[in-house]
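S.K.: TrEMBL lists these features:
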- 76-417: domain 'Major facilitator superfamily (MFS) profile' (DOMAIN)
- 113-134: transmembrane segment (TRANSMEM)
- 141-160: transmembrane segment (TRANSMEM)
- 200-219: transmembrane segment (TRANSMEM)
- 231-251: transmembrane segment (TRANSMEM)
- 282-304: transmembrane segment (TRANSMEM)
- 324-348: transmembrane segment (TRANSMEM)
- 360-379: transmembrane segment (TRANSMEM)
């Protein structure tokens, strides 16, 4: 247990008032300590030297308690983040080569869209199942199974000679992804609490847009370099092998509720469902993020095709290649995520002490601002592609404010007891 020495400054002048009179035990709640009765009495304005000493106290406390705890789990956090990058990479690698896939199997937009539908349906069905299993069995081995499954099915999909076999492989990828994405955030939640958990979740979700952008870029560029779209899929299992090794050799499955200072036991399935349905914060957050997922999914799948057709049909640029559009779109997705995800977490953490409900407000603001930006971006795709790219970047940037904040809200609002 570590205690922070804080100068008794008036609340209006104490830059670190959130720590004043508080004894903080990592892994447990902040325990208020009684303050002297004279604390609220009028006091003289502190000198610059006093303020400086107060800041040094705070920085020393932070370095001596928070940072070593991060360092103790640094390998694990980076490993989980790497898995997030690999997962999003694997999902979107087909988008960089979508036009080649359509040509290979002689399908139109309807059946190419069905590829993503198959993935989403299998993901949606199996995600609750893996969540249930993750509370009762080793999360480490469940994740290793999922990564192995999606890596193998992606590789086998590159050899599929019929559309039916290929769509089956994409559905199996959805099962593998479900095993990972439902479990990984809970591992982070069981290692960290409070503001530190928010930071670690931001780091985790920070890796997802990186993987999404790499999916576009690697898929399209590998296909162009080899003149075979199948090789765009055959690269990802290599990264999957690295991910499996990280899970088996580096990842440690913490005790459920470890960060909260408790050892949680699993509860009946029906009881879990009842508690979730009655949890308004969880239900509304899930509904709102479903809309975010709808927008990001539609943009990811159809964005490059929409821009490409706008250039070919309306601007008469028949020589423009779909792979070039996918490459640029991947850059936009990656950079907007690199900025947007940590920015959302930073804004929420900065304002949290002043605005109690800042988390949903930041999410709502991001969605509201993104709406006109993305709408106008779609309109300009057939007129000014540079403006389209710019508005697309800004729209995705503010939309990415949601990712880590939503996960944090869900983990905080849902009781594990």
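Even glycines carry a Cβ here, placed using N, Cα and C.
Help me picture where these features are in the structure shown.
M.R.: Long-range contacts of the transmembrane segment (113-134) within its own chain (CB-CB distance under 8 A, at least 6 residues past either end) are made by residues 91, 94, 101, 142, 146, 166-168, 170-175, 177-179, 181-183, 186, 269, 297, 301-302.
Below 8 angstroms of C-beta separation, residues 75-76, 79-80, 82-83, 86, 89-90, 93-94, 96-97, 140, 143-144, 147-148, 150-152, 154-155, 157-158, 187, 218-220, 222-223, 225 of the same chain, each at least six residues beyond the ends of the transmembrane segment (231-251), sit close to that stretch.
Listed as Cβ neighbours of the transmembrane segment (282-304) (distance under 8 Å, sequence separation of 6 or more from its ends, same chain) are residues 92, 95-96, 98, 113, 116, 120, 212, 216, 276, 322, 325-326, 329, 333, 360, 363-364, 367, 370, 374, 392, 396, 399, 402, 406, 409-410, 413-414.
Below 8 angstroms of C-beta separation, residues 95-98, 198-199, 201-202, 205-206, 208-210, 212-217, 219-221, 300, 303-304, 307-308, 311, 358-359, 362-363, 366, 389, 392-394, 396-405, 408 of the same chain, each at least six residues beyond the ends of the transmembrane segment (324-348), sit close to that stretch.
Tertiary neighbourhood of the transmembrane segment (360-379): same-chain residues 285, 288, 291-292, 295, 299, 306, 340, 344, 347-348, 351, 387-388, 391-392, 394-396, 398-402, 405-406, 409, selected by CB-CB distance under 8 Å and a gap of 6+ residues from either end.
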S.K.: At a C-beta cut-off of under 8 Å, are there same-chain residues at least 6 beyond the transmembrane segment (141-160) that contact it? List them, or none.
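M.R.: For the transmembrane segment (141-160), the sequence-distant neighbours (Cβ-Cβ under 8 Å, at least 6 residues beyond its ends) are 83, 86-87, 90, 93, 130, 133-134, 166, 168-170, 172-173, 175-180, 183-184, 230-231, 233-234, 236-237, 240-241, 243-244, 247-248, 251.
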